[in-house]
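Enquirer: According to TrEMBL:
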type	residues	note
REGION	A:55-98	region 'Disordered'
COMPBIAS	A:55-77	compositional bias 'Basic and acidic residues'
TRANSMEM	A:104-127	transmembrane segment
TRANSMEM	A:139-159	transmembrane segment
TRANSMEM	A:175-192	transmembrane segment
TRANSMEM	A:197-213	transmembrane segment
TRANSMEM	A:233-252	transmembrane segment
Amino acid sequence: MFKRMFVSAVVAGGVAGFLAAALHFAFLQDRLLLAEQYESGALIHFQAAPAMGHDHAAGESADHDDAANGEAGHDHSTPQGAVDGDGHSHSHEPSGGSLGRNGLTVMFDVLVYVGFAMLLIAGFGAAEATGRRIGALEGILWGLGGFAAIQLAPAMGLAPELPGTPAAALGARQVWWWMTVLCTAGGLGLLAYGRGMALAAAGVALLALPHLIGAPEADGYAGVAPPELAAEFAARALGIGAIAWAFLGWFASRLWSDKPA
Amino acid sequence: MTISTTAKTTALSKAFGPILMMVVLGSSLMFVAGHAQSAALHDAAHDVRHATGFPCH
C-alpha cells in the first residue's frame with residue numbers, strides 16, 4: 001500500500017508542481033521581480049519616497065525578528081545592490097542568473113506539490129480504509145479542500161506577500177500558519193465525513209478558531225511597493241494555487257483508483 | 001454488522017502505517033521547502049515561498 005501511495009504522490013505532485021511553476025512564470029514572476037525593484041530602491045513608489053516624509057524606520061522594526069540587528073544598514077532608498085541588514089543577505093539572484101533562479105523555482109514547486117500530494121493521498125487512503133470510494137469528483141473536492149486548508153485560510157490572516165513587505169515576527173507567523181492549516185483541514189474533514197450536527201458544529205468551530213485568535217500583525221503599514229502590485233500578487237498567487245490544487249486532486253484520484261490495492 | 005465492523009477495523013489498522021508515513025513525509029517536505037530558515041534553503045526556495053503564501057522572512 002505504501003508503494004502505491006508513494007508512486008501516486010510523486011507522479012501527481014510532480015505534474016502539478018510543473019503546472020504550478022508554469023502558471024507562476026505566466027502570472028507571477030514579473031510582479032515579483034518588479035516588487036524587488038521597489039524593495040531594493042531601484043524603483044520608488046511616490047508615496048513611499050523619503051521626500052514625502054514617510055518614516056521607514058517605524059515600519060522596518062516590524063519587518064524582521066531582530067529589530068536591533070543593524071537595521072540602520074537596511075535603507076530602501078539606497079540604489080540597487082543594497083545588502084539587507086537583517087542577517088540573511090538574499091541577493092535574489094543565485095549563481096546561474098535568472099535561469100538558475102527559475103530552475104530552483106521549478107524544483108521547489110515540484111517538491112512542495114509532491115508534499116501536498118502525499119498529504120492528499122494519505123487522506124484518500126484513510127477515506128478508502130473506512131469504506132469510501134475516491135472518484136474524480138471526490139478528488140477535485142479533496143484538492144480544493146487542500147487549497148483551502150494550506151493556502152486560502154492562512155491567506156485570510158497572512159496574505160501572500162510581495163518581497164519587501166514588512167510583516168510580524170516570522171516565528172509567530174509560522175506558528176499561526178501551521179495552526180490554521182491543521183484547524184482548517186480538521187474542520188473540513190469533520191464537515192465532510194462527520195456524522196451528526198455536533199460534529200458539524202465542531203467542524204465550524206475549528207474552521208473559525210484561528211481567525212478568532214487572529215494572525216500576528218505588523219505595526220502599521222510600511223510596504224514600499226504600490227498597493228496595486230501587492231493586490232495583483234496576492235490574487236494571482238491564490239488563483240494559481242486553486243488551479244494547481246484542483247488539478248492535483250483530480251489527477252491524484254485518477255492515479256489512485258487506477259491501481260489495484 | 002460485527003463482521004463488517006471487524007473488516008473495517010482491519011482495513012484501517014493495515015492502512016494506518018502507510019498513511020502515517022505519508023503524512024510525516026508530506027509534512028517534512030512542506031517544512032523543508034516552505035519553512036526551514038537555513039540561508040541556502042531560503043534563497044533557493046524564495047520565489048516559491050512567496051508564491052505559495054508560506055511565511056517567508
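Each residue, glycine too, has its Cβ placed from N, Cα and C.
Each of these features: where is it, how hidden is it, and who are its neighbours?
Expert: Tertiary proximity for the transmembrane segment (A:104-127) is limited to same-chain residues at least six positions away from its ends with a CB under 8 Å from its CB atoms, namely 1, 5-6, 8-10, 12-14, 16-18, 20-21, 24-25, 29, 94, 134, 138-139, 142-143, 146, 150, 189, 193, 244-245, 248-249, 252-253, 256.
Remote same-chain residues near the transmembrane segment (A:139-159) are listed as 116, 119-120, 123-124, 167, 173, 176-177, 180-181, 183-185, 188, 192, 207, 210-211, 214-215, 230, 234, 237-238, 241-242, 245-254, 256 (criterion: CB distance under 8 Å, separation of at least six residues from the stretch ends).
Same-chain residues lying 6+ beyond the ends of the transmembrane segment (A:175-192) with a Cβ under 8 Å from its Cβ atoms: 123, 141, 145-146, 148-150, 153-154, 157-158, 199-200, 202-207, 209-211, 213, 215-216.
Same-chain neighbours of the transmembrane segment (A:197-213): 153, 156-157, 176, 179-180, 183-184, 186-191, counting only residues six or more beyond its ends whose CB sits under 8 Å from a CB of the stretch.
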